[in-house]
Amino acid sequence: MNIVEGKLSLNGDEKVAIINARFNHIITDRLVEGARDAYLRHGGKDENLDLVLVPGAFEIPMALNRLLACSKYDAVCCLGAVIRGSTPHFDYVSAEVTKGVANVALQFAKPVAFGVLTVDSIEQAIERAGSKAGNKGFEAMVTVIELLSLYSALKN
């Protein structure tokens, strides 16, 4: 049996965008730092990495659609933080950003990673943005890197 899987290395020419929601920026800025660190550690070049800022997580799918449609990027890493409050707003935003990113990703043959935190508290967000639970931005970019390699292997 042949096994096809992606590798965790870049050749340096891959053009990657990070979409980052500014809302809850204390958390999302740390996710961006983690994603950038992963990209550079695995062979990416800083000049091939773009950061696209959107107001909040709800706007991520719209920006993702534009980025993938323009053919400038090989992959996109989506980052944000939706923290539960006392209203149903959390449920609506979490569901729509998740469905939106999935729907857009399926329209294009390019790697997309979902690094949007959906958490019950600011403490959980902090844990996932670089403390106890690692940095989910780093993990999302590692997913992008592996998918870039996998997509390349599947083309050949």
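The backbone N, Cα and C atoms fix where each Cβ goes, and this holds for glycine too.
These features come from Swiss-Prot:
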- Phe23, Ala57, Phe58, Glu59, Ala81, Val82, Ile83, Phe114: 5-amino-6-(D-ribitylamino)uracil binding site (BINDING)
- Ser86, Thr87, Arg128: (2S)-2-hydroxy-3-oxobutyl phosphate binding site (BINDING)
- His89: active site, proton donor (ACT_SITE)
Practice task
Name the one residue among Ser86, Thr87, His89, Arg128 whose Cα is closest in three-dimensional space to that of Glu59 (5-amino-6-(D-ribitylamino)uracil binding site); these are the recorded positions.
Solution key: His89
Exercise for the section: Could you round the CA separation between Ala57 (5-amino-6-(D-ribitylamino)uracil binding site) and the residue listed as 'active site, proton donor' to a whole angstrom and send it over? Expected result: 12
Problem - Lowest local Cβ density (other Cβ within 10 Å) among binding-site residues: Ala57, Ala81, Val82 - result: Val82
Exercise for the section: Could you say whether, by DSSP, Phe58 (5-amino-6-(D-ribitylamino)uracil binding site) belongs to a helix, a strand or a coil region? Expected result: helix
Fill in the blank from the handout: Candidates Ser86, Thr87, His89, Arg128 (recorded positions); nearest Cα to Phe114 (5-amino-6-(D-ribitylamino)uracil binding site) turns out to be Arg128
Problem - Whole-number Å value for how far Ala81 (5-amino-6-(D-ribitylamino)uracil binding site) lies from Arg128 ((2S)-2-hydroxy-3-oxobutyl phosphate binding site) (Cα to Cα) - result: 10
Problem - Pairwise CA distance, Ser86 ((2S)-2-hydroxy-3-oxobutyl phosphate binding site) versus Phe23 (5-amino-6-(D-ribitylamino)uracil binding site), rounded so that it is a whole Å - result: 17
Exercise for the section: State the Cα to Cα distance, in Å, between His89 (active site, proton donor) and Val82 (5-amino-6-(D-ribitylamino)uracil binding site), rounded to an integer. Expected result: 10
Fill in the blank from the handout: For Ile83 (5-amino-6-(D-ribitylamino)uracil binding site), the same-chain residues 6+ apart in sequence with C-beta under 8 angstroms from its C-beta are Asn24, Ile27, Phe90, Leu117, Val119, Asp120, Ser121, Ile122, Gln124, Ala125
Exercise for the section: Give the number of CB atoms, excluding that of Phe58 (5-amino-6-(D-ribitylamino)uracil binding site) itself, located within 10 Å of its CB. Expected result: 19
Problem - Protein Cβ atoms within 10 Å of Thr87 ((2S)-2-hydroxy-3-oxobutyl phosphate binding site), excluding its own - result: 8
